[in-house]
Amino acid sequence: MIDKGGISLKYVNAIVVFLVLLHMYFGAGDYTDIRCSERERRALVDFKNSLDFESKWLSSWGDEDEKKECCKWQGVKCSNSAGRVVKLDLKAHSLHVLPDYCVSKWTSLQILNLADNNFSGEIPSSVGSLRQIQTLKLRGNSFFGELPLSLRYCEKLIFMDLGNNRFLGKVPAWIGESLLALRVLIMRSNKFNGSIPSSLCGLTRLCILDLSQNSIFGNIPHCLSKLTSMYLGSSNGTKDVDGFSYILINRVPNNWVYGSCTYLNTHANSAAVVIKGGVLVIHSSTLPFLRLIDLSGNKLTGKIPGELSSLSGLTSLNLSRNDLSGEIPQNMDEIEELNSLDLSQNRLSGRIPMSMCNFSFLDYLDLSYNNLHGRIPFSRSLSTFSASAFIGNQALCGPPLTENCPIEATSNRTRHGDEFKRWFKVGMGMGFFIGFWGIFGSLCLNRTWRHAYFLFLYKVKDWVLLRLALYIARLQTRFKRNNNH
């Protein structure tokens, strides 16, 4: 028999222990100030002092007693345990100086956002000391030169946006060899050249690849099909809830597992990419649902690899404004979740594949200014696009470009003419066979008919010879009379 008082005492003890643990977990931070690292605080102050203007946004930074705690400065976030600076968000504040000696002291930094400022020069080589960095956003500045080799040591990088700068040189092969944790790689609107290194195919966790608006040449690597995070239903070792880019079409398909890309909502607040022909800023809540490859505005040549169709979870593919040739792959419809497709301003030829009628969720299409020909396939999905999606293809016809298809009508008439000739020849052959063997066979088989036939021929011959002899004699007589006169 258990005493009721004993049971009550046990409940009280359990509640007390629970409240103590709850206080230790949630309440400790309310009574203990996080003290930032003096070394990192000093580096932040030096960074501010390097500016040749007073930034109101950085007014909370300073050496004064009331400003000693750098973890409370605007744009700065520290870790709860050691007080180390883990996030520095200085986006869009007209900053232009990034001292090398300051960067080397932010060794615990995980997120560095310097986007949309006026920074110039080369990226400091000390960036390689940021071994904990996971998000690096340098978009919208005037950085130039080649990417520092030391950046390859930032092996925990998940999100790297270098777009809209003046970087040059080849796309480094070490990106695909060392930065294997990358989910987002944006290098658009720079001056990169050379070919796309095949090592990028090793970035199997990649969800966004944007190399657009550079001077990259050569063929599109066939091995891009190895970007397994862009497969439909591939979790890349991580299971998660179903989802899709509802920022595009507001739907959630079956079998979608967005796997490694789910990490993006904690490591980047936004990314600017081109979708549906315009720049779209994708925010953290929807960024994990996007699968994008943008190689537009380069000097790529060769054919579109058919292997790209294996990326069944790809939502946006932009290969426009290159020098691609050959036909559109017949199996493009295997990219089941494709929502935006831009192949405009290339040298693509052949017909539009009938398989493109099978797209279920295609919301944007641009095939303009190529060398495509034939009738535009009619389907429920393709019929929703305007003529602007097909203009610039001189031999392309049919709705929505034209009501009729004169090229195909001519080919139809030619086809009908050829068919008539074929049947005429067949009729001639059969007529000859029946007529010849109908007469010749009868003569061979019937002796009476044969004798009568040849007797008739002899009579005809004699009549012809007699008429000819009389005609000649008449001419000779007339000729003699003329000579006598």
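Numbering starts at 1 and runs along the chain as displayed.
Using N, Cα and C of the backbone, Cβ positions are placed for all residues, glycine too.
Within the listed segments 12-32, 264-284, TrEMBL records transmembrane segment for the stretch 12-32. TrEMBL lists transmembrane segment at one of the ranges 171-188, 423-440, 459-476, namely 423-440. Distant neighbours of the domain 'Leucine-rich repeat-containing N-terminal plant-type' (39-79): 33, 85-90, 93-99, 101-102, 105-106, 108, 111; these residues of the same chain sit at least 6 beyond its ends, with a Cβ under 8 Å from one of its Cβ atoms. Residues belonging to the domain 'Leucine-rich repeat-containing N-terminal plant-type' (39-79) score a mean pLDDT of 84 in the model. For the domain 'Leucine-rich repeat-containing N-terminal plant-type' (39-79), DSSP puts the residue distribution at 20 helix, 3 strand, 18 coil.
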